[in-house]
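Pulled from TrEMBL:
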type: DOMAIN; residues: 1-296; note: domain 'Amino acid permease/ SLC12A'
type: TRANSMEM; residues: 51-73; note: transmembrane segment
type: TRANSMEM; residues: 94-117; note: transmembrane segment
type: TRANSMEM; residues: 137-157; note: transmembrane segment
type: TRANSMEM; residues: 183-204; note: transmembrane segment
type: TRANSMEM; residues: 210-235; note: transmembrane segment
type: TRANSMEM; residues: 255-274; note: transmembrane segment
type: TRANSMEM; residues: 280-297; note: transmembrane segment
Amino acid sequence: MEYWFSTIKVFAIIVFILLSIGILTQSNEGITQVVTHLSGHGGFFPNGFSGVWIGVIISIFSYLSIEMIAVAAGEAKDPEKAVKKAFKSTALRLILFYLLSLFLIVTLVPWTVLIGADATSPFVMVMKIVGIPYADSILNFIVIVAALSAMNSMLYISTRMLFSLSRAGDAPKVFGRISSKGVPVNALLLSAVGIGIASIVYTINPASAFPIMIALSMFGVLFTWGSIFVTHMFFRRHMVQQNIQLKFKITASRFISLFGFIAILSITVTTWFTSEFKSTLQFGVPLVLVLIFFYYLKRSTVKLNLNSSEETLK
């Protein structure tokens, strides 16, 4: 199913890119329009660096679950080749589908129009310029498909993470069981229950539920990415100390990870001073403290059981 969801999303973006390029090349204004929209209306960076930095925080949602590529590639028949291929293809797709589409949007439509009271989607604007009927309905369909794709991806990654935690002894053993087809059904069911609870809470009180979900999602991804950067730095240092050569090499990987961690930490701190994202730390930090409490509770229980076993053997 994810294949078809992704196909529809990719097809929609490709069509948008082609239509946008067609409009720019066929327009009488041409390059003049590009320069005007990029340099006019307050000039480049009209709101200064702070505006760009807030934009970085918002854009994080576009990269949610990008780490699932490593999880999926790690389960392939040949992980070494799969990870390298996934890394390169992901970088290419980000440049082609995300950055290029954003560039075309701001060259076709002034940014002031995109944030106005009567603002509409730039995708709809392009389709209306070309004369495509039912542009709004088409976009709504694409948005629904994108939402289903995101939910499907998150369901997959949460299931695999819960399964991995169970197999590592950090979650109940019941979530490490698999069906005859190799599916961790119990972990999948618990992840699905989470979606159900979120849907019920949103139905009861959407005004309060949505900001909380956004805050938890934002903190979750920042905490996860920050942990990945720190873990990667120690992992690379350990590999060097053990004189182990990795087949997938990244130039200055440890410095890149350090820079990434500093960036993530800076973004996390910034959310506290941004009214729209202040709840990120308000809900995220207590959640981490609860997880830490249960971790040490479990650790002390295991240690107590080991001591009891040793006393019994004596």
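Every residue gets a Cβ built from N, Cα and C, even glycine.
Because the structure is a prediction, the values reported are computed rather than measured.
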If we call contact 3 or more Cβ pairs under 8 Å (sequence gap 6 or more), are the transmembrane segment (255-274) and the transmembrane segment (280-297) touching?
yes
Go through the chain and flag residues at least 6 beyond the ends of the transmembrane segment (137-157) whose CB is under 8 A from any CB in it; none is fine as an answer.
1-2, 5-6, 8-9, 12, 64-65, 67-68, 71-72, 121, 123-124, 127, 188, 191-192, 195
